[in-house]
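Undergrad: Let me begin by handing over the structure; questions about it come next.
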Amino acid sequence: MASATDARYGQKESSDQNFDYMFKILIIGNSSVGKTSFLFRYADDSFTPAFVSTVGIDFKVKTIYRNDKRIKLQIWDTAGQERYRTITTAYYRGAMGFILMYDITNEESFNAVQDWSTQIKTYSWDNAQVLLVGNKCDMEDERVVSSERGRQLADHLGFEFFEASAKDNINVKQTFERLVDVICEKMSESLDTADPAVTGAKQGPQLTDQQAPPHQDCAC
Amino acid sequence: MAQQVSLGSLQESEREAILQVLYRDREVQNTEAERIRNLKTRLQHLRWKGAKSVSQEYKEKSCARCQQTLGLLLNRGAVCQGCSHRVCSECRVFLRRTRAWKCTVCFEDRNVKIKTGDWFFEERAKKFPTEGKHETAGAKLLQSYQKLSNKISVVPPTPPPLSESQCGGGPARLQELGQFKGFNKSVENLFLSVTTHMKKLSKSQNDMTSDKQHPEMVPRQREGRPERRSQSDTAINVTTRAGTPDILKPLGPESPRRPTSPVLKQEDISSSPVLNTSFSGGLRQGSLISINSTCTEMGNFDKADVTGEIEFAIRYCLRTHSLEICIRACKNLAFGEERKKKCNPYVKTYLLPDRSSQGKRKTGVQKNTVEPTFQETLKYQVELAQLASQQLQVSVWHLGVLTRRVFLGEVIVPLATWDFEDRESQSFRWYPLRAKAEKSEDSLPTNNGELAVRAKLVLPAGPRELQEAPEGTGDEPSQNGQLCLVVLGAKNLPVRSDGTLNSFVKGCLTLPDQQRLRLKSPVLKKQACPQWKHSFIFKGVTPSQLRQSSLELTIWDQATFGVNDRFLGGARLGLKEDLPGGAHTSSQAKLQWQKVLSSPNLWTDMTLILH
């Protein structure tokens, strides 16, 4: 098990300082909803169908170019299992943004979203940016959570919403980039209200822009 | 699948996996900390360059940043919203896609807040005001983990897969178990203790749905607990062997399924050269000699026979925060020039360990007398608390022709025990003058402050191999690793007269072949207790090489205007016997260094006394 983990996380992180700033992002959600796969798709563009439960916590580093800035993302992948909860919640405080994930083929994982959101409210800072992601949207045949329900819940909780598939690489990059953008917006807001300089192109309306398209690239 | 693995072994691999993640995170955090420090230094420089600050008055019509004179009609300047200074058009930065602007310093300030993530910490502080700024969850977990491993003086690597049915027996074994009870806590429990305060906040935690995919997880976990515990115990036994050879003996034969191999391994260990040096070397004491008793005039004076006495009083003025030495008189001084019966005495003082010229105070010179009367007060601006680590050196000198100086005697008063409240101790007293203490008689090593460092030997091998290394396969000389050293900070340094330093650290690793690897930290300006948090990484070194190497860390005060950098103090780390007459490693440092070398991939914190 350890060796499997080692192999997967074996690459060295880039330790160069060639970036403008660093964001810390946490991926949370029930066990087996696809958090690790989602991260691997994004960071390494790889996908393994085999399920290996994450031990406690893990992270990957990816530097992206966004709004004329090089942003280093330290993306924390957490174990969904209850037994690791004390470890994983310790990381909530350091995170600027969250990806809260459920599995569209798993009702229980969707029902737990409310609880996860409470966890964020409890452990994280007040302006924590959260994106709700319904993963495995490639498995339309086994879908039990409609995207409408997902969207409604997201609206209710005040999160933005995407449906995605780590396996088919649907909306993965978009999810992370959107999260980076909303964190940038929060950052500008906290530094000087009504100063959108840092976020660059993204102006106010983007926040409420429900067109932000979960289905745009999604065939399902 | 993961859950098929027996929980006992899962426990070990869990700990291993999580630790690996924590280490990787630490690397990232270290890099980040360095980047942030650089950013802040740059901002500081910019601030200094931009001359105007809020507190000072300036000529009305000039730019606060470049000092260019502003006109009445053209280039009148405008007030920056951030700092309320009037700046010229050149010193404004327009925020992107807006007409709003900030002056260069405010803009940079804002930039730094973005780049360092300070904006986030400020926001977060609104909800968690007590949270340390850059303290990450990972760092906290690691810290608590290391605290635990420190307590039991072993590193917790992976134990070899010993039999799970191993049960303790015999009083010695039981005692051992009791001794290392702390270790029995699984990683989870450890984490639990770290995060209990967080847990208090949420009761909803338990409401979370448990994992659907592993319904058997919970009961199995319970069953597995005693089994896991015994696994942890074996882990201790194995690692303990490396640390405390004495309690080894009853251990080996206790393992029922592996009666032979542990014994063999045990022998390997007790004959390991590493341990021997560690424990015999650790007892060396008393030979602490200062490596830096370079008195500024050391080589540059004559000696007379020392006779006579000096009368002075010491008091501390709380109002002005100054130490006052009232030099009244001397009697029976030796002649500075015996043949000519000539003596032009004066008195000089230092607050040791600072022997720099800034710490020097002198009286006037009295002409042609061996019974001079000075009636002068020499003052030091110094905090009372700081005096505890200092010694007052009062020396008498003869000033000859052509500024040739002759040493007439000295008095050294340790201030640590000096009662400044007591009247008696404030009154004038006669002190017999003494000759300069010979180096070897110098019982108190000069303490030039303390340096906090954190060191780790990084070996590329997987954790399992690491574990085996002290088990008997020995130190593979082929293991190419690197020595990571984080110079955290220093305190109680001999500061300049203004109470600050522009200090930096030099690291020099001398390999067995006398090859020297040198590294240097950036200069931290105007700080008495610098916190460099700078990493030195010595690459391509093997553990066996390091055992024969020595690492010297020296702290310097950067020179201004081309004068030589001032040496503030240094410390040496190494296991080898001290070079004759050279620098030495204190016994405590030696033990800590030993720990670094014997526990690869784990950070060891050390506080080094600077000499």
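Positions of Cβ are set from backbone N, Cα and C atoms, glycine also.
Values in this document were obtained by computation on a predicted structure and should not be read as measured data.
So Swiss-Prot has the following annotated:
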{"type": "BINDING", "residues": "A:31-37, A:48-49, A:53-54, A:Gly80, A:135-136, A:Asp138, A:166-167", "note": "GTP binding site"}
{"type": "BINDING", "residues": "A:Thr36, A:Thr54, A:Asp77", "note": "Mg(2+) binding site"}
{"type": "MOTIF", "residues": "A:49-58", "note": "motif 'Switch 1'"}
{"type": "MOTIF", "residues": "A:80-96", "note": "motif 'Switch 2'"}
{"type": "MOD_RES", "residues": "A:Thr86", "note": "phosphothreonine"}
{"type": "MOD_RES", "residues": "A:Ser188", "note": "phosphoserine"}
{"type": "MOD_RES", "residues": "A:Ser190", "note": "phosphoserine"}
{"type": "REGION", "residues": "A:194-220", "note": "region 'Disordered'"}
{"type": "LIPID", "residues": "A:Cys218", "note": "S-geranylgeranyl cysteine"}
{"type": "LIPID", "residues": "A:Cys220", "note": "S-geranylgeranyl cysteine"}
{"type": "MOD_RES", "residues": "A:Cys220", "note": "cysteine methyl ester"}
Undergrad: When you measure from the Cβ of A:Ser188 (phosphoserine), how many other Cβ atoms are you left with inside 10 Å?
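TA: Counting Cβ neighbours of A:Ser188 (phosphoserine) within 10 Å gives 22.
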Undergrad: Take the mean position of the Cβ atoms of A:Thr36, A:Thr54, A:Asp77, the recorded Mg(2+) site. Which other residues of that chain put their Cβ within 8 Å of it?
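TA: Close Cβ neighbours, site residues excluded: A:Ile27, A:Lys35, A:Leu39, A:Asp58, A:Thr78, A:Ala79.
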Undergrad: I need the nearest neighbour of the residue listed as 'phosphothreonine' among the binding-site residues A:Gly34, A:Thr36, A:Ser37, A:Asp77, A:Asn135, using C-alpha distances.
TA: A:Asp77
Undergrad: Based on Cα coordinates, which of the following recorded positions are within 10 Å of A:Ser53 (GTP binding site): A:Thr36, A:Asp77, A:Ser188, A:Ser190?
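TA: Within 10 Å of A:Ser53 (GTP binding site): A:Thr36.
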Undergrad: Relative to the Cβ position of A:Ser37 (GTP binding site), how many further Cβ atoms are located within 10 Å?
TA: 24
Undergrad: Taking 10 A as the limit, how many CB atoms besides its own sit near the CB of A:Ala166 (GTP binding site)?
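TA: For A:Ala166 (GTP binding site), the 10 Å Cβ neighbour count is 27.
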Undergrad: Could you state the whole-number distance in Å separating the C-alpha atoms of A:Ser190 (phosphoserine) and A:Asp77 (Mg(2+) binding site)?
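TA: Taking the Cα atoms only, A:Ser190 (phosphoserine) lies 27 Å from A:Asp77 (Mg(2+) binding site).
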Undergrad: How far is it from A:Ala166 (GTP binding site) to A:Thr36 (Mg(2+) binding site), counting Cα to Cα, in Å?
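TA: With the alpha carbons as reference points, the distance is 9 Å.
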Undergrad: Quick one: mean pLDDT on the motif 'Switch 2' (A:80-96)?
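TA: Mean pLDDT across the motif 'Switch 2' (A:80-96) comes out at 88.
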Undergrad: Using a 10 Å cut-off, grab the number of neighbouring Cβ atoms around the Cβ of A:Thr86 (phosphothreonine), all chains included.
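TA: Taking every protein chain into account, the count is 21.
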Undergrad: Which ones, of the recorded positions A:Thr54, A:Asp77, A:Ser188, have a Cα no more than 10 Å from the Cα of A:Ser31 (GTP binding site)?
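TA: Close recorded positions: A:Thr54.
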Undergrad: Could you state the CA-to-CA distance between A:Ser37 (GTP binding site) and A:Thr54 (Mg(2+) binding site) to the nearest Å?
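TA: Just about 11 Å between their Cα atoms.
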Undergrad: Spatially, and counting Cα to Cα, which of the recorded positions is closest to A:Asn135 (GTP binding site)? Options: A:Thr36, A:Thr54, A:Asp77, A:Ser188.
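TA: Closest candidate to A:Asn135 (GTP binding site), judged by Cα separation, is A:Thr36.
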Undergrad: For A:Ser53 (GTP binding site), which of the three DSSP-derived states applies: helix, strand, or coil?
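TA: Assignment for A:Ser53 (GTP binding site) reads coil.
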Undergrad: Using DSSP and collapsing to three states, where does A:Thr86 (phosphothreonine) fall: helix, strand or coil?
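TA: For A:Thr86 (phosphothreonine) - judged by DSSP and reduced to three states - the answer is helix.
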Undergrad: Under a criterion of Cβ-Cβ distance under 8 Å and sequence separation of at least 6, what residues of the same chain contact A:Asp77 (Mg(2+) binding site)?
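TA: For A:Asp77 (Mg(2+) binding site), the qualifying residues are A:Ile27, A:Lys35, A:Thr36, A:Leu39, A:Thr54, A:Ile57, A:Asp58, A:Phe59, A:Lys60.
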Undergrad: Just jot down the residues in the same chain as A:Gly34 (GTP binding site), at least 6 apart in sequence, with C-beta under 8 A of its C-beta; none if empty.
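TA: Listed in sequence order, they are A:Met101, A:Asp103, A:Asn135, A:Lys136, A:Ala166.
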